[in-house]
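Report on the following structure.
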């Protein structure tokens, strides 16, 4: 089996596993909706204010929902020993990690991106702003999955790994959050937002290049 | 890496990659760096607080710059050095490199904390607020959290080998944030004043102020080296506790 086939097989396997436990997937989406609903309760339902904070709140909620789903990336495979088996295959570990990142993005990033416009409407965002929200999430969420895979791999089987994961990963998420919500806020303010979008794309390219390799080192460490 | 035994040993720097060789060297270097740090600190504080003139706009309050700028520089620089040792550790598999990275982290966190603290103390009289969500301040806070994350990760993994490598990976990932912090003043036009010294324009300050600041930076530098070396010695003793040379040293009651 060559690396390409292995890559696709990993994606297929993880998607299948995710489908068998689709309740877990729903938890992330419900969490996202709940966080987004708490803000109007806490701050007050004034439409102007909600339209202003909407992009930032939705982006933060996406990041938190993503963080919630990260431990799933390796933990269950590590617990039942299949991670070890995956490392024994001839294909490079980074290919395996890349496949898992893609599967993770398809199962968390994509649902969140699809649900975000609905919440955006509730926050009173205009249609072009909603479009930019989706575009920025489409470019930003794969970066979150890729960066997150490094953190998830580093904390496999570590004491209080999930708390630690938040401490490790949230500072690294900051640039994505800044440019992602910045793009949406720019459109809401009448600018084009393309500059922020390009920066998001650049970050995505850099992360996709480096993350599988670094996460592979971390995965091998955890299993050795 | 096997050290070659041709020529004098001090010429072969790689032999110091062995903890056993490095431990006594570090012990000899610490007092040297500590004394220089104290010396530079005394001179720098004297120049900064007694000799340098008051500033045109900010009066005497600006003098905290002599603590603020050196600590901010060190906070960013130490992270880069940490990432350097991490790359060395992953590339050359030298254990000492990872220990250096771990010994640097607490000093880096301290410097980031001091930078934030002095910044807040400076911001209150000048801007009228302890804290603003300005790009530079926020990114320095994130750097502080990066240090905390590194320390927490390396401390919560029990096997030294895994802790070393995990820490190295994390330090390398995090280093990409340092240029963002450094250029944040240029990229975002915010409340924080621009850099006082730049490569293109030279310095915009009186020369005594500049000299005082550079001397204080050297002091911070020397202190960081001394603190890091002494922490590395502790790490070496912890890690190499089972070896004969450590047991012999302890038996002899040598420090």
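Even glycines carry a Cβ here, placed using N, Cα and C.
TrEMBL annotations:
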| type | residues | note |
| --- | --- | --- |
| DOMAIN | B:29-192 | domain 'Cytochrome c assembly protein' |
| TRANSMEM | B:29-52 | transmembrane segment |
| TRANSMEM | B:72-92 | transmembrane segment |
| TRANSMEM | B:104-123 | transmembrane segment |
| TRANSMEM | B:135-154 | transmembrane segment |
| TRANSMEM | B:166-185 | transmembrane segment |
| TRANSMEM | B:205-229 | transmembrane segment |
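The stretch from B:29-52, B:72-92, B:104-123 that makes the most Cβ contacts under 8 Å with the transmembrane segment (B:166-185) is B:72-92. Sequence-distant neighbours of the transmembrane segment (B:72-92) (same chain, 6+ residues past either end, Cβ-Cβ under 8 Å): 1, 17, 98, 100-101, 104-105, 107-108, 111-112, 115, 119, 140, 143-144, 146-147, 150, 164-165, 167-169, 171-172, 174-175, 178, 181-182, 217, 220-221, 224.
Taken as a whole, the domain 'Cytochrome c assembly protein' (B:29-192) shows an average pLDDT of 85 in this prediction. Among residues of the same chain six or more beyond the transmembrane segment (B:29-52), those with a C-beta under 8 A of the stretch's C-beta atoms are 63, 66, 206, 208-209, 211-213, 215-216, 218-220, 222-223, 225-226, 229-230, 233.
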